[in-house]
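The structure appears right after this line, and notes come after that.
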Amino acid sequence: MATVTRLCVTKSVPTVNGQFPGPKLVVREGDTLVIRVTNNINNNVTFHWHGIRQVRSGWADGPAYITQCPIRSGGSYVYRFTVTGQRGTLWWHAHFSWLRATLYGPLVILPPRGVAYPFPKPHREVPLLLGEWFNADPEAVIKQALQTGGGPNVSDAYTFNGLPGPTYNCSSSNDTFKLRVRPGKTYLLRLINAALNDELFFGVANHTLMVVQADASYVKPFAATALVISPGQTMDVLLTAAANNPPSRSFAIAVAPYTNTVGTFDNTTAVAVLEYYGAATSAAALRSLPLPSLPAYNDTGAVANFSASFRSLASAQYPARVPRTVDRHFFFAVGLGADPCQSPVNGTCQGPNNTRFAASMNNVSFVMPRTSLLQAHYQRRYNGVLAANFPAAPRTPFNYTGTPPNNTFVTHGTRVVPLSFNTTVEVVLQDTSILGAESHPLHLHGYDFYVVGTGFGNYDASNDTAKYNLVDPVQRNTISVPTAGWVAIRFVADNPGVWIMHCHLDVHLSWGLSMAWLVNDGPLPNQKLPPPPSDIPMCS
């Protein structure tokens, strides 16, 4: 724990090595990481290395009760894994309850020595973590929401590398992140959306950004003045400073929310400063810097246009290995729902019409087990732990983006999809209008996937499949299901283990918006899950 003050609120927060945000890990493609975690806080905790493929090292993936039991207070665990075939910006964070509000940091993977970037070498590289600050304890926030059945209280500020900037009350220039640049130099900004519950627009006043990478996968470079980045996603962008010192030497860097939710959200703008060397921006000047032009908070069209710009390099050195044929097709309806008010607080529940908020895929709200699914799978002890019958499509189809059905109640279960090794998979993720259509950033553990198609309205297999991009689709580990729309992804199930796929809005994850893939061993020794480490935490 460390004492941190933001917005005139001083509190003790969980940290890694006393740092908020946590320490930067810099490795090279091919390195093996050995990270010993000792839990000195009162909560259980686990850590996830977000975007690392964990090839045959699922025991190190980190989601609580999926690949391991939590590290108890006073306990420790060694995460050991090798970075295989990946380079770029990823990140690490706690994967238990809402602890990742302060337990997060960058994970930078450099190319092997002697291998250049497929874009101009930058003068400097700068990790930029976009987060949320809660004056209250985030653990108390989600606990209260789950008790009452309503939505959680929203954050009090957005942050750049843990700093909220000058636009908030009781936030000084000392709480403002400053990026100092030299004229004519190019900087690689390694953007990470570490916010708990908000997709964010990002921009730099009077500067154009060149997007070169997404989720540690190179993309065909494209220019943009406003970006959108979802929780869990990373984005590498090049910023070139003006060749000569401009008349004004300080420029606002801003983030603001993108949302279509019908509920409350943190509708504030956080500011950092791009400062040319030699400038000295006063506190008063910081507050009056012109902001970059960002889309309106609900501008889904701007988000769609930006998202459509991403294409893989698809070069000889970095090919796009898109599955052309598919062994198994899945259609997941993704959205909110409700539970009956069986445990009222003060006689009522605070969800819609005296219900409790829930979330689901194919109307199954995921129930977190009390033991590790990977351990149960390795020991083949499934009874009472999981059911291998997650539905491949909704049991009762409906007009997903039209008038919602009258019955909004969800079912519950720890249900998984079993896959044979090397199965090629296509998943269509369809947003629903139940309790309001909204974007859902879905993250798949253990894999990258290709985003082969997207659109608005209800997915139509007879027409939409023909529009797929099977040449140079972007490769990601986290993708937002468009508001009132759909997205199609493909991957090859060549990594044995149990891999959760979940919404990276933590409130939706808390309400059950997740499922898991159980990928069986292949026939060869290098296609099998190794035994668990001797120090893996036990649940009982």
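Every residue, even glycine, has its Cβ placed from backbone N, Cα and C.
Owing to the predicted nature of the structure, the values given are computational and were not obtained by experimental measurement.
Pulled from Swiss-Prot:
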type	residues	note
BINDING	His48, His443	Cu cation 1 binding site
BINDING	His50, His93, His504	Cu cation 2 binding site
BINDING	His95, His445, His502	Cu cation 3 binding site
BINDING	His440, Cys503, His508	Cu cation 4 binding site
DOMAIN	1-114	domain 'Plastocyanin-like 1'
DOMAIN	124-279	domain 'Plastocyanin-like 2'
DOMAIN	389-523	domain 'Plastocyanin-like 3'
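The C-beta environment of His95 (Cu cation 3 binding site), restricted to residues of the same chain at least 6 apart in sequence and closer than 8 Å, consists of Thr46, Phe47, His48, Gly62, Pro63, Ala64. In sequence order, the binding-site residues near Cys503 (Cu cation 4 binding site) (Cα within 10 Å of its Cα) amount to none of His50, His93, His445. Candidates His50, His93, His504, His508 (binding-site residues) were compared with His445 (Cu cation 3 binding site); those inside 10 Å Cα-Cα are His50. Averaged across the domain 'Plastocyanin-like 3' (389-523), pLDDT for the predicted model comes to 98.
Separation of the C-alpha atoms of His504 (Cu cation 2 binding site) and His443 (Cu cation 1 binding site): 6 Å, rounded to the nearest whole number. Around the Cβ of His508 (Cu cation 4 binding site), the same chain contributes Leu336, Ala359, His440, each under 8 angstroms and 6 or more positions distant in sequence. DSSP assignment over the domain 'Plastocyanin-like 3' (389-523) gives 12 helix, 59 strand, 64 coil.
DSSP gives His93 (Cu cation 2 binding site) a strand state.
With respect to their backbone Cα atoms, His502 (Cu cation 3 binding site) and His443 (Cu cation 1 binding site) stand 5 Å from each other. Annotated pair His443 (Cu cation 1 binding site) and His50 (Cu cation 2 binding site), C-alpha to C-alpha distance, rounded: 9 Å. For the domain 'Plastocyanin-like 1' (1-114), the number of residues in each DSSP class (helix H, G, I; strand E, B; coil) is 6 helix, 52 strand, 56 coil. Each of the binding-site residues His443, His445 was scored by the other Cβ atoms within 10 Å of its Cβ; the lowest score goes to His443. In sequence order, Leu90, Trp91, Trp92, His93, Leu107, Gly232, His443, Asn477 are the residues near His50 (Cu cation 2 binding site), counting only same-chain partners six or more apart with C-beta under 8 A.
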